[in-house]
Amino acid sequence: MLSFLGKSVALLAALQATLSSPKPGHRRASVEKRANGYANSVYFTNWGIYDRNFQPADLVASDVTHVIYSFMNLQADGTVISGDTYADYEKHYADDSWNDVGTNAYGCVKQLFKVKKANRGLKVLLSIGGWTWSTNFPSAASTDANRKNFAKTAITFMKDWGFDGIDIDWEYPADATQASNMILLLKEVRSQRDAYAAQYAPGYHFLLTIAAPAGKDNYSKLRLADLGQVLDYINLMAYDYAGSFSPLTGHDANLFNNPSNPNATPFNTDSAVKDYINGGVPANKIVLGMPIYGRSFQNTAGIGQTYNGVGSGSWEAGIWDYKALPKAGATVQYDSVAKGYYSYNSATKELISFDTPDMINTKVAYLKSLGLGGSMFWEASADKKGADSVIGTSHRALGGLDTTQNLLSYPNSKYDNIKNGLN
């Protein structure tokens, strides 16, 4: 494996000099901040327990503040449903008994509750939707009855499974009507969430978050100031800037535009972050998303150039787990203007754009300089272990993580073992 150069003082100074300040009025937005430190969140996929063989117990919980469990599906009438009942609550792990009395949850639900018990600062959120299952959001959000049904069924899963909040991943509201309905949907979830907390968990604050786009065509349709008021966090999906859908090779998750090579930077994170803040989102509610994977391009002369095909991948064409990178024979290169790494093999002419630990350090310095809320990663199974972990690198760079406690009391869970706190 190639070793990456540590970030120098000069690089940090150059980064700080590059940053432009958002509008002061929005930097100082008057909002209630419940977290007592930075978020270091990661999406955990329920399909990851299969071929990827990544189980809840494999999470390095000491590095993580929020596990976002994905994904739940939803129906057109707003009903939230499990996308995989076996992975979610049926699978028996090695330490699960087949002779338990009562109705009990197993699978990832029980395993994540065990992780919560052992790590009281780690919160688990239920993520609904995602790219594949966003089709029914417009209908689910379109009427008061559907919104109420969505909130009711989402919160039922949250309390039955012993989770600490709800994450909505609607990709993406397509127009002003859908954007307005999204706010109404979030407000309904918040209202029912708070009513549940008042009755069953007095004083506890269940979280409400979304995954949000970094592409202007998508976020320009959103009601940013309203999102900033109703949500605890906005997890900015600051990746997938280039890929098989692109006409030319490009950076997957660059911080800035590169004027000398604009073809390599069709999108950039800094523009999105500034637009969200200037649109009325409190900076400390923006969590900067980072990829734990790389996007590949074949038969290319370099970044911002033509290519022919994306090749294979770890699990799908053109996408490689970070733990498989850099590939043998490739040289890691850095675009110091765009702030983005990529590997290139001059013999095979394959280019892969991905975030290195050094890039994570740069991004954390960036988010801290703007007063953002922390880091988010997609997704847990693709990380390396030990010192090369990007999640761990983010933890070390952030410093003080949020340590607000999770909840272990769910007196009306339908599962006896969750109701009893696995005691």
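Keep in mind that glycine also has a Cβ here, set from the backbone N, Cα and C atoms.
For the chitin site, Swiss-Prot records GLY102, THR103, GLY129, GLY130, TRP131, THR132, TYR172, MET237, ALA238, TYR239, ASP240, and the single candidate of TRP320, TRP378 listed with them is TRP378.
When you go through ASN218, ASN263 in Swiss-Prot, the residue listed as N-linked glycosylation site is ASN218. With respect to their backbone Cα atoms, ALA238 (chitin binding site) and ASN218 (N-linked glycosylation site) stand 13 Å from each other. Taking every pair among GLY102, THR103, GLY129, GLY130, TRP131, THR132, TYR172, MET237, ALA238, TYR239, ASP240, TRP378, the residues recorded as binding chitin, the greatest CA to CA distance is 45 Å. DSSP assigns ASN218 (N-linked glycosylation site) to a helix.
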